[in-house]
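Here's the structure, in structure tokens; my notes come after.
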Amino acid sequence: MYPKIKRRPTRKVWVGNVSVGGDSPIRVQSMTNTSTTDLSATLSQIQKLVEAGCEIVRVAIPDEKAVNALKDVVKESPIPVIADLHFATSLGEKAVKAGCAGIRINPGTFKNKANLERLLKVCKDYNCCVRIGINAGSLEPEILKKYKTPSYRAMVESALRWVEYVVEKIDYYNLKVSLKSSNWWETVKAYLAFSKKSDFPLHVGVTEAGGLIPGTIKNTMAISYLLLKGIGDTLRVSLTGDPTEEVYVAYEILRNLGLRALHPEIIACPTCGRCEIDLSSLYQKVETWAKKVKADIKLAVMGCVVNGPGEAKMADVGIAGGKGVGVIFREGKIVKKVPEKTLLDEFFKEVEAFLQAHPERVINPRQ
Ligand code: SF4
């Protein structure tokens, strides 16, 4: 049913109370696009992300105002908060002291090494997880000079240098690493090469991937390739738009690789001229509902008798459409035939009944 994947052994690190790497599930994370100074907008977005299944959230800390507001975000957030920092190490120290569970630093944007060293020591004092986030667009000048272009080799050398620096100079190990480029294949090559040389957990994803459709494709190419090779301990699907979509896409990738499920899987036909019910709107309603449900179940929403009964029988609960009617299947058997106008309500009743009969299929996302 699914490919056999042997996950690469990595160290286990902690982002607050969420483990990453080792035998932990592959963690799904995202990033808010609000300002931390707008506490209610930030917390409301975090809540939506949590409902979608996000386990770790990152917030941008561009200035003093943002870092001053961080304490309240951290206090109220139900999941660990990571501060995203560039350029100013002083903001990093304040973020760590405000209680954030992790920081993401892009070493290429920090010019003053002494300040960076001080920040890393503060992280160690507070056991704040550090992600060394290498980005092809902002490599250190000496690396760029050596490699001429921001190639995957340049990213790997930069990441290895920084890991060695934190481990040897700071004696700190609560670390994870990312090596991102906007080119998915360059990103893959960077992770493949780095993973041969280090066992620190890897945060995988493609940076600046674009909107929902192109971004999903680019991320899926890179993330799936890496996960199939056993590489990846936490992932962020970077998309331009509503960050909750990042979380749904992340779980779709994980489920299709047989690595992790959170929301119901929906089998649905594309519809064609044979379809005699409004399957598109039915599907949309089932998908919207399924995004709020945390259960490892398979549903089928099919248009007609060609493939409908076959798929509906193989699902836990399924619909096969007819002329203005739908036949509902549960666990392989027909349970009722209902008119189109009551089809959705009856379908949801059967799904609820299935979940009551199979409570083991309901998922607690914080396992
Ligand atoms: S199941 Fe029926 S309606 Fe759906 S695509 Fe196949 S033939 Fe068309």
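Glycine is treated like the rest: Cβ placed from N, Cα and C.
Curation plays no part in TrEMBL annotations; they are all automatic predictions.
Feature annotations, reproduced from TrEMBL:
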type    : residues                       : note
BINDING : Cys269, Cys272, Cys304, Glu311 : [4Fe-4S] cluster binding site
DOMAIN  : 10-251                         : domain 'IspG TIM-barrel'
DOMAIN  : 265-352                        : domain 'IspG C-terminal'
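Features as recorded by TrEMBL, highlighted on the structure.
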{"residue": "Cys269", "record": "[4Fe-4S] cluster binding site", "DSSP class": "coil"}
{"residue": "Cys304", "record": "[4Fe-4S] cluster binding site", "DSSP class": "coil"}
{"residue": "Glu311", "record": "[4Fe-4S] cluster binding site", "DSSP class": "helix"}
Item to complete: Determine the mean pLDDT over the domain 'IspG C-terminal' (265-352), rounding to the nearest whole number.
Response: 95
Discussion item. As a check: which entries in Cys269, Cys272, Cys304, Glu311, the binding-site residues, place their Cβ less than 6 Å from an atom of ligand 1?
Written reply: Cys269, Cys272, Cys304
Worksheet item: Under a criterion of Cβ-Cβ distance under 8 Å and sequence separation of at least 6, what residues of the same chain contact Cys272 ([4Fe-4S] cluster binding site)?
Response: Gly303
Worksheet item: Inside 8 A of the center formed by the CB atoms of Cys269, Cys272, Cys304, Glu311, which other residues of the chain have their CB, for the recorded [4Fe-4S] cluster site?
Response: Pro270, Thr271, Arg274, Cys275, Leu279, Met302, Gly303, Val306, Asn307, Gly308, Gly321
Worksheet item: Including all protein chains displayed, how many Cβ atoms other than that of Glu311 ([4Fe-4S] cluster binding site) lie within 10 Å of its Cβ?
Response: 20
Worksheet item: Just counting, how many other CB atoms are there within 10 A of the CB of Cys269 ([4Fe-4S] cluster binding site)?
Response: 20
